[in-house]
Amino acid sequence: PTQCDNWVRTSNGGHFASPNYPNMYPPNQECIYILEAAPRQRIELTFDEPYYIEPSFECRFDHLEVRDGPFGFSPLINRYCGLKSPALIRSTGRFMWIKFTSDEELEGKGFQAKYSFIPDPDFTYLGGILNPIPDCQFELSGADGIVRSSQVEQEGKTKPGQAVDCIWTIKATPNAKIYLRFLDYQMEHSNECKRNFVAVYDGSSSIENLKAKFCSTVANDVMLQTGTGVVRMWADEGSRLSRFRMLFTSFVDPPCSGNTYFCHSNMCINNSLVCNGIQNCAYPWDENHCREKRRSGLFEQITRTHGTIIGITSGIVLVLLIISILVQVKQPRKKVMACKTAFNKTGFQEVFDPPHYELFSLRDKEISADLADLSEELENYQKMRRPSTASRCIHDHHCGSQASNIKQSRTNLSSMELPFRNDFAQPQPMK
């Protein structure tokens, strides 16, 4: 802001005047004064005599412009000019913006104004006593750090339902400046700066050091020219959902020394901030090509695709294992009944084991006679087998008293070497 001539500030107020007051003010002047009161206070502005500003229709030429707020686009209270001093002017908030303008012709004596601070009637209670202002201040320092509004509630600086008016003071490293970048920003009532905003000051919290003020839907990065930054957040009772999170980084101007890193954006940061997982430069040069420098852990080596395949395979194996267990549990068990009477297992096995045969071919006529003799022996064997009680005992599953017959039959059967079928006929002569 452009200031003209003297401006007196005190804890209770002060005064300011047009250039050369009470003498004639010079032409082509533009002086801006921004008044700021303490929280829960308002501003009263009065004018002394003599007072003279070039009169004009709607004060189009020389004039004094007063606005209710800290900016040139704040609501206009009025424009003043002429021979008569304005009446008492009051603000509706903590700020008042004033601009004096003179053109090339017809100068006058100008003005002198006095301002004072009064309690805000919106915060008065029984007996006219103001509620105590909560001590909501924080301090941060170092190469980098996070400024966050959630710290207010975590440390109990304000009570639920109360307005938030907090200040964060940032101290950079020696001989360094400060770079601020918003990580998260949301105003509950966007574009309503009277209800909620985030302001950034360069050097101190004085209104003339105001660097930027954000109350819309977007907040930009801020480069401070000093090593001290002040961040202030205001949110009234109905804007408690407003929030922000900001990264501050200490930097120095190029050329960069041995312990600093060049950010390619007219700033050098400490080497400890390179590849730390946070973008400290205005552009992400400090976090590019960092994969080779960092040793990846086990979970970083397993990609998302590999993890998905491993998970699906493990699930299928687990389901199959559960199904196999259920099938084994529910499968009925077979009951085996055995005869308790002891018998010779070796002999019993010989009865039922089929004999081994060898293949042969009929090559001459002598084999035909041998087959005829074999047929007669088989018929005799069949006659002996019919009256046998051993086969009947085995077939009917009887045991005990007839074990001797089984042994005798086994002896007879063992003497026979070719249990062929008994339906052999006389073979035809070989041709």
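In case you wondered, yes, glycine gets a Cβ from its N, Cα and C as well.
Partner cysteine of C31, as given in TrEMBL, is C4 (from among C4, C59, disulfide bond). Of the cysteines listed (C256, C275, C281), TrEMBL assigns C281 as the disulfide partner of C263. Looking up C275 in TrEMBL gives a disulphide bond whose other cysteine, out of C268, C290, is C290. C275 (disulfide bond) sits 48 Å from C31 (disulfide bond), counting Cα to Cα. Looking only at the disulfide-bonded residues C4, C256, C275, the densest Cβ neighbourhood within 10 Å occurs at C4.
For C256 (disulfide bond) paired with C290 (disulfide bond), the C-alpha to C-alpha distance reads 20 Å. Between the listed disulfide-bonded residues, namely C31, C263, C268, C281, C290, the fewest other CB atoms within 10 angstroms of a CB are found at C290. If you take the Cα of C4 (disulfide bond) and the Cα of C268 (disulfide bond), they are about 37 angstrom apart, rounded to a whole number. Looking just at the domain 'CUB' (4-118), the mean pLDDT is 86.
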